[in-house]
Ligand code: NAD
Ligand code: LMR
């Protein structure tokens, strides 16, 4: 057995937490040979509920769960952590857009960024799931000047997985036949799931679909508005699928991408594909040895350009809004 890896989860008593913790503890993130020490952060009123979740974790007797610590003080909980999964934030309700959460949730991520900056391990990797995820990651990053910016990311893997699943269903193929899916931009209704660079059994996905009408008017809105459809159906936002995607994202960051494939991650733009530098925007990325790189050289046609620009414009607006709220460090 290796020595324990410290994984922080915020919002640990929430819906996503209830799926996520058991998967991490059972080895789904770091594998069967790496013990995990869970560091769980909650707000004070939720600590009692969290104690109940910890009892359940104990009762699973997971061989890979070395230790669990809980608390409401980010500086203590984040001490020495190697991974931080920042989930804790309010979810939207019916009729809201994720951007409506900016003011309520943005304030959570500045102090958490500062606490990570002060006490996290040198190899810290931060994944933001709490919405609006891209801009919350920007807030955390800008409040953590000593942590390299490439260690911050936001979750668009759920959108990526949704896009794979919709495409596989349309073409009647297993999801394993699909590679090189890309979500561009914001984790919001403006996101752009791109079939022009995806592949199905080695064939270009847009060509395999052969139906621009479906691509533009069914596929893209179905993926982009899936979160709202789930809220409408369940009366609560996606939780198990969000937890699963959070694991996929963080595990890929550790293990790397498969040869010839890539994944979608929202990361700090270096100006690639005309996305203004500094915005946390979703890109196709490859990961090797724990480091991600934006896939370069993809041709972007006029249709894709318009979609990427619209989502990036929204991210720019969000950045302006949080700047005005004084949330950027
Ligand atoms: P939830 O309300 O069930 O749980 C959120 C938890 O966060 C609560 O237990 C709350 O007490 C806690 N919390 C609030 N402020 C906190 C703080 N400052 N520090 C630590 N914990 C805090 O919500 P949920 O369904 O688990 O969703 C959590 C977030 O994830 C929401 O913002 C939701 O919109 C978002 N989400 C994102 C994706 C994605 O793909 N990026 C997918 C699904 C949900
Ligand atoms: C999702 O995509 O399911 C989450 O971001 C929750 C939401 O508000 O849509």
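Don't overthink the numbers, they just go from 1 along the chain as shown.
Heads up, the Cβ atoms here are built off N, Cα and C, so glycines get one too.
No curator has checked TrEMBL annotations; they are predicted automatically.
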Have a look through 131, 134, 204, 217 and flag the one TrEMBL assigns to the substrate site that 92, 98, 162 belong to. 131
Checking proximity to ligand 2 here: which binding-site residues out of 15, 98, 130, 162 have their Cβ closer than 6 Å to it? 98
Can you name the residues of this chain that are 6 or more positions from residue 162 (substrate binding site) yet have a C-beta less than 8 Å from its C-beta? 193, 222, 223, 226
Distance check, please: Cα of residue 187 (active site, proton acceptor) against Cα of residue 17 (NAD(+) binding site), rounded to an integer number of angstrom. 19
Should any of the binding-site residues 92, 98, 131 have a Cα within 10 Å of the Cα of residue 11 (NAD(+) binding site), which are they? none
Comparing the recorded positions 92, 98, 187, which residue's C-beta has the most other C-beta atoms within 10 angstroms in this structure? 187
Taking the Cβ of residue 15 (NAD(+) binding site) as the centre, how many other Cβ atoms fall within a 10 Å radius? 18
